[in-house]
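Annotated ATP binding site per Swiss-Prot: Gly164, Gly165, Ala166, Gly167, Val168, Gly169, Lys170, Thr171, in sequence order, evidence recorded as sequence analysis.
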Amino acid sequence: MAAAATATAGTKGVIRQVIGPVLDVEFPAGKLPKILNALRIEGKNPSGQDVAITAEVQQLLGDHRVRAVSMSSTDGLVRGMEALDTGAAISVPVGEATLGRIFNVLGEPVDEQGPVTTDATAPIHRPSPKLTELETKPTVFETGIKVIDLLAPYRQGGKVGLFGGAGVGKTVLIQELINNIAKEHGGVSVFGGVGERTREGNDLYEEFKESGVINSDDLSKSKVALCFGQMNEPPGARMRVGLSALTMAEHFRDVNKQDVLLFIDNIFRFVQAGSEVSALLGRMPSAVGYQPTLGTDVGALQERITSTLEGSITSIQAVYVPADDLTDPAPATTFAHLDATTVLARALAAKGIYPAVDPLDSTSTMLQPSVVGDEHYRTARSVQATLQRYKELQDIIAILGLDELSEDDRRTVDRARKIEKFLSQPFFVAEIFTGMSGKYVKLEETIAGFNMIMSGELDHLPEQAFYLVGNIDEVKAKAEKMASEAKG
């Protein structure tokens, strides 16, 4: 639903001041636009340069003036130009027509694929769902990825922080999650690129096309909509593009009643843009120079990401930690909203263990017996204890060798190595690179497999049989094949 226009819609004001991306606009007495209304400035400036800018009202200054933040470059704006009050908030297209397309903060397509064929639009500002509309029973969101489902399960309608440096497999993990939710849950995904590199957005788009997540021949069969506000754009666009992506996701949840994945890369840039806008508006900075409204800004976005009785939005958010300081107000405020953290480790990627999810550093509030059940909880904790013991023994092994360990410790090391290998699995979206067919592993199969390793049932199988397979039956089949090849 498009936002209802207010009584001031169509009122024209005059630009009185331009400071970077911030404009002061004077309106007739009694005709001031509401805060968060979109202003539209179109036409030619005195030099004959075409100007088409949308700005969002942020402050009412007095003397019939408002202060607005532009969503694009203010090059060419001059004092005296007219600004039209649209009478409503910025609205973006929603629904199936957005799938396979790339949008900017204003919902305009930027992929050179022509206009979007839909009349359905929705305002980017709306209240979070009422308490009575929320699904309060915690439900595990099965991803089909063993290491996540067992050790750091995602909550349906929850928020997950994704931590990882360059080249450890963040994008591939994101693609696999998009693929799995489409195939197994019949859901769709929305990707919000907030203040990251344009090159990365382009690479992601090309990789989505290559892996089939975006179907170039028939866009309606695509599984993802993309919304970008990149590093080179003004802070207004970077501050609002996360809300544009979220609005598209909310439509799939509330109207189509689907389970939706919302990716935000990077949530820190959203806070950073808010800080820039806050300074431009003349607000007194808070701790470490952040905006005084930091908690409110983050909360307004995060509280809309939730499970309702109709459907769910599960959010995966890449979190940049400035100077690796977890006490910095930006990541610290974000952490308060997260249900799970998935940490990607370079050391695992170097060993060829993909996905390179760190089984000891990744956490989830869902991993408790009352939510996942006793068997899942016991298996997960037992696996983590074995891996932790292996980590402690590595120094001894490096200095003295395996032979100096006790019988029990040798058994622990053997099982830990099998667990480490079994936590890897081939991905559907990586088939073209690995030549191996992707695997979706049900949670029950994952738990059963790790229980068999921990019980010692599979102690006789070679370590390599556990590498890049799906469930435990594939391990046994691979071990038999290896044995027959060794004989032959």
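Every residue, even glycine, has its Cβ placed from backbone N, Cα and C.
Features per Swiss-Prot, on structure.
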| residue | record | Cβ within 10 Å |
| --- | --- | --- |
| Gly164 | ATP binding site | 22 |
| Gly165 | ATP binding site | 10 |
| Ala166 | ATP binding site | 7 |
| Gly167 | ATP binding site | 11 |
| Val168 | ATP binding site | 23 |
| Gly169 | ATP binding site | 21 |
| Lys170 | ATP binding site | 20 |
| Thr171 | ATP binding site | 18 |
Check: Taking the center of the Cβ atoms of Gly164, Gly165, Ala166, Gly167, Val168, Gly169, Lys170, Thr171 at the recorded ATP site, which other residues in this chain have a Cβ no more than 8 Å from that point?
Finding: Leu344, Ala349, Ala356
Next item on the list: Please state whether DSSP places Lys170 (ATP binding site) in a helix, a strand or coil.
Entry: helix
